[in-house]
Amino acid sequence: MPKRQDIHKILVIGSGPIIIGQAAEFDYSGTQACLALREEGYEVVLVNSNPATIMTDTEIADRVYIEPLTVEFVSQILRKELPDAILPTIGGQIGLNLAMKLSNTGILDELGIELLGTKLTAIDQAEDRELFKNLMQKLHEPVPESAIANNIEEAQQFADKIGFPVIIRPAFTMGGTGGGIANNEKELAEIAENGLNLSPVTQVLVERSIAGYKEVEFEVMRDAADSAIVVCNMENFDPVGVHTGDSMVFAPTQTLTDKEVQMLRDAALKIIRALKIEGGCNVQFALDRNSFKYYVIEVNPRVSRSSALASKATGYPIAKMAAKIAVGLHLDEIKNPVTKKTWAEFEPALDYVVTKLPRFPFDKFENGDRTLGTQMKATGEVMAIGRTLEESLLKAVRSLEVGLIHPERPAFAKLSDDELSKQIIQANDERLFYLAEAFRRDYTIEEVAELSKMNPFFLDKIKHIVELERELAAHKADLGLLAEVKRYGFADEEIAKLWGLHADQVRQMRKEQKILPVYKMVDTCAGEFASDTPYYYSTYESSTESVKSDKPSVLVIGSGPIRIGQGVEFDYATVHSVKAIQKAGYEAIIMNSNPETVSTDFSIADKLYFEPLTLEDVLNVIDLEQPEGVIVQFGGQTAINLAEPLANRGIKILGTSVEDLNRAEDRDLFDQVIKSLKLPQPEGGTATDKAGALAVADKIGYPVLVRPSYVLGGRAMEIVHDATELDNYIDRAVSVSHDHPVLIDHYLVGKECEVDCISDGDTVVLPGIMEHIERAGIHSGDSMAVYPPQTFSQDIIDQITDATIKLSRTLNCIGLMNVQFIIHDGKAYVIEVNPRASRTVPFLSKVTNIKLAQVATLAILGLSLKEQGFETGLLPNQSGIHVKSPVFSFSKLNHVDSLLGPEMKSTGEVMGSDTTLAKALYKAFEAAGMHLPQFGRALITVKDADKAEATALAKRFREVGYQLVATSGTAKAFEKAGITVSTIEKLDSGQETILEDIANRKIQLVINTMSADKKVSSDGFRIREAAIEHGVPLMTSLDTAGAILKVLELQAFSISPIKS
C-alpha cells in the first residue's frame, strides 16, 4: 500500500530527559523517525523537553517545541498546531504514557487526531499487566503464574499462595522502574509499595520467579499488510532476574539450537500479529536451559533500548522503518538504505558477534547498592563487534572506560576464596571481572556455573581468555601466539604487560610482522549482496573492506558511553562537528563505541568506525585513513585524554594545541596564566601527598574545595571543612588520578556562572552567559542555569567578558572553551577553564540560535570567525528567558545520597522557556517531573549555618499557604521569627515520625541541608532517601527552594483582610 495521503501534519513526541532506563537511544530513534517522515513529504512537528538532543535541532522537524512533556503543555501545542496524527512510539515509555493520557482526556477525539503505528488497544494490551496476561493465555503462549495487585495486601495474598521468591513488575513503567525480586514478606511490602507508587495506573504484576532461565530477546517488525520479520535476536549473559539493560548482551543468540530459535521466532511473530502492532516491537522470553519450556516475560510495543542496539548490531534502521510503516508503507515497498538493493522485508543476517556491555554510575556513587536485579541501574552502554565472541567481548571491555583494557581488576586478586565466591553468587556490576578472577585461581567451569548460575558456554569463553593470558606469560615474544591472541581481541597493552614490554613495542612488533587489523563492513546481509555502507569494525583477518578515500579527511573522536558527567551533550557536539567538516569539503570520519547515539548512525558521517576509544584502536584507524588531523574537543574527557598520547606519536591535533590544553588543565601552569593576566582567582595550591595537602589547606584556610586534576563531572570533588575531613578525603580519592596532583582551593561563597566561547586564535565570541541558581559548591552540571543572567550588573558582565577574552587569547584557544566564575564581593573570580566543548553547548546553541560546535569546527579548519560574520565580544541577548534544569535518577539507585555538592549526580537535563523567569522556572520544574502542589506541609530541616536564610524562605512558604514542619533546632529559629511551625522529633531521638509522615504522604515538600556532623548527616541521608523513595519533591539547596517559591508565588493570588 502506498503511503497515506489523508494525513499531512504529524506530531512526534520525544522522550524527555535522560534518566536511568531511558537514555540517548531515543534521541537516535526520534531523529531517524522525524527525518524519515519528512523524506516522505509529511510536515513534522516535534515536542520534547530535552535541549541536549539532535532531535530538537530546528532542521530535524518543520517546527520544534522544547516544552514539558505533560498533558497541559502538549494539549496546548495540539490546539495550536492541529496535527492530523501523533506518532507516540519513538518517545520511549514517556511518549507512550503521554499518548494514553491525552487520549483519556478526550482531546484526540475532540480535535480528530489519530495515533499512528501502534493503536491504543495494543499499547494497553502490552503495557497493562492483566490485559497482557489474558492475551497470552488466549494465544496459548506461556506466561509465569501471576496475579495483578492494586495494593500491598493483594500482592501479599498471591505471594503467600505460591511461595517466595516472587518478581514484582509495575505497569506502564520503563527500565524495570519500581520492580524487583522479593524473597520474603518484608521485601515484598517495600518493593510493592514502591512499584505501586511509580506505576501511573497504581498496578503491579506479582509473578512466580523464573530467575535462572536464559533471557532471550527478539526485535520484530510488522506492517499493515501483516508482513512480519525478525530483525535481530539477542541473548543475555545474565539469566532472568537481572534487567536486560544491566546485562551483557550478545547478538545473534549464542547458545540456542535452531529448534529453539525457530520456536521463539514463531512465538514473537505470533505476538506482534495478535497485538496488531504496526512498526517495531521487542519481545522478551525466558527459556529453560534443560528443556524446550519457555515463558513470555514482556513486550515493548515501541522502539526501545534494545531496538537501538539491534539497529546498530545489524545496520537495519528500525526507527526509520517503523516511522515509514506508521504512515502506511509496507515492508516490501521500503528500500533497505544499507544495501540500497534489497527491500526492508529481508531479514538481516550477521557474520560476526556483537557484545553490549552496560556502563554503571558507581564510580560516582561509591556507597550505592551494586546488586543487580529487575530494576535497571546502568546509565549507558557500549557495543563492540568481532569475529569471535572473545574478540567482541574484550573490545567491549576496553570500550567501557572504567580504567581497564582487560577483564582484570588487580584488587580482586587480594580477595579470599570465600569473598570471591560471594561476589560470584550475587549479580553485580563487576561480575565479569570476578568470574575471570575465579578462572585465574583454577576454579572449574562446573564450580563457577554452580555458583553463578551462568551458562557454561559463556564461562568457557571467559576461561579461554584466561588461558590465553597464561600462554602469553609463558611464551614471551612468540609471534605466532601474538597473531592468535590478536584474533581473540587482546589489546597491545595487555600483551605488553604480560611480556614486560611497552605497548608501543608490541605495536611495532605487530607492524613488522604484518599482524594488522582489517576493517569489515556492517551490511545487514552477511556479504550476500553488494553494499556501500560506510560502517566498519576491526578484526584480525586477511582482507579489508575499508579503503582510504582520495578526498582529504578529518577524524572526530566521539565520547563513548553515556555516564554521569559525560552525557548526550557531547554526542550532540560531535554530530555538529561532523556536519561542519562536511560543509568545509572534507570527508568526516567518526570513531565511537556507543550504540545509543546519533553519532553512530551510519548515515551521519562519511565513515563510521565502531571501535573502542583507546590509543591502540584510534592509531589503527589513523594508519589506514591518514586523516589531515584529529578533532578531540567535542568528545568530552574521553577524547581530550587521547590528545597528548596521539600528539606524542606525531598525529596532528586540530584546534587548541596539546601544550595549551595542558596549560588549562595543569594547576601550576594555569595559575601562572591567571597571575600573568592579573585575574582574580580563589587562593589555592597543589599537592601530591597528604602532608602537602594539609599544609596547603592550613595556609589558605578552611573550608577548601579539593579535587584531582584532569577530571570531568566533578569526579571525586569535595568541600572539606577541617583537617580530619581532608585526611579522610586524601585516603579515599588521591588515587583517582595517579599521574596528577590534587588541587586545593579556598571555597568562596557566591553566585556561580559559566560562559562558552568560540575563538579562532584572534576573534573571541561569547554567545551568552549562563547564571546558576544554586550558589558555588554545587557542580555546574547539577545547577539550574538561566540565560540571560537575571541578577548581574553590567560591571560583572563586563568583567566576565573581559576575563574570558583574555583567557582565550592567552591559552591560544582555537575552537570552543568553557569558563566558570564565582561572583564574590563584586568581583568575578575564575574557578575553572575547560578548553573544549562543555555540556552547556546544546542548551546555549538552542537559546542563541547559533550552532556553537559547527562555528567552532569551521574555525578549527581555518575559516575565521570574521569570515563567518562574528566580531570579538559578548553577543546581544536573545529574546525570552530560558532555564536549564538538571534531572536525577536517584529513585533507581539504592543507598545513594541525593545531597548535591561539587561532584555531579544528574543524568540528564530539561529546558523551560518563557517571557518571565517565574514562568520559565515553572516549565523547567514540570519538565523535570517535579510537580509542586500549591499548598500542603513542607518539612524543613537545615544545618545551623542555613537557619537565617531558611527562616526568610519559611515566611514566604507560609505566605503561599504551606504549613511548616521542622526539627527542634530549625523550629526554634522559625518561632523566634514569629513563624507558625509544628515541631517533629529528630530521628536520633529514636522516633521515626518524620519517615512515617513522608511515607504516608503527610509531607508534600522536603527541604533538607546537611551538617558536617556525621550523626546528623545520617539523619539527613535517611530523610532524603525517604523523600525519593516516596516521590516527595526534595530540595537540598536553599537556592533551589527559592526558585520554587518564585513559581508558587506566581501561581498564588494575594489574599489579605481589608484594613479597619
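Using N, Cα and C of the backbone, Cβ positions are placed for all residues, glycine too.
Features as listed in Swiss-Prot:
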- 1-401: region 'Carboxyphosphate synthetic domain' (REGION)
- 133-327: domain 'ATP-grasp 1' (DOMAIN)
- Gln284, Glu298: Mn(2+) 1 binding site (BINDING)
- Glu298, Asn300: Mn(2+) 2 binding site (BINDING)
- 402-546: region 'Oligomerization domain' (REGION)
- 547-929: region 'Carbamoyl phosphate synthetic domain' (REGION)
- 671-861: domain 'ATP-grasp 2' (DOMAIN)
- Gln820, Glu832: Mg(2+) 3 binding site (BINDING)
- 930-1060: region 'Allosteric domain' (REGION)
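Of the binding-site residues Gln284, Asn300, Gln820, Asn300 has the largest number of other Cβ atoms within 10 Å of its own Cβ. Restricting the average to the region 'Oligomerization domain' (402-546) gives a pLDDT of 95. You'll find the Cα of Glu832 (Mg(2+) 3 binding site) roughly 44 Å from the Cα of Asn300 (Mn(2+) 2 binding site). Distance between Cα atoms for Gln820 (Mg(2+) 3 binding site) and Asn300 (Mn(2+) 2 binding site): 43 Å, as a whole number.
In this view, Glu832 (Mg(2+) 3 binding site) is surrounded by 17 other Cβ atoms within 10 Å of its Cβ, with every protein chain counted. In the three-state DSSP assignment, the secondary structure recorded for Glu298 (Mn(2+) 1 binding site) is strand. Taking only the Cα positions, the spacing between Asn300 (Mn(2+) 2 binding site) and Gln284 (Mn(2+) 1 binding site) is 9 angstrom. Long-range Cβ proximity for Glu298 (Mn(2+) 1 binding site), meaning a same-chain Cβ under 8 A and a gap of 6 or more residues, is found for Ala126, Phe132, Arg169, Gln284. Counting residues per DSSP class in helix, strand and coil order gives 65 helix, 21 strand, 45 coil for the region 'Allosteric domain' (930-1060).
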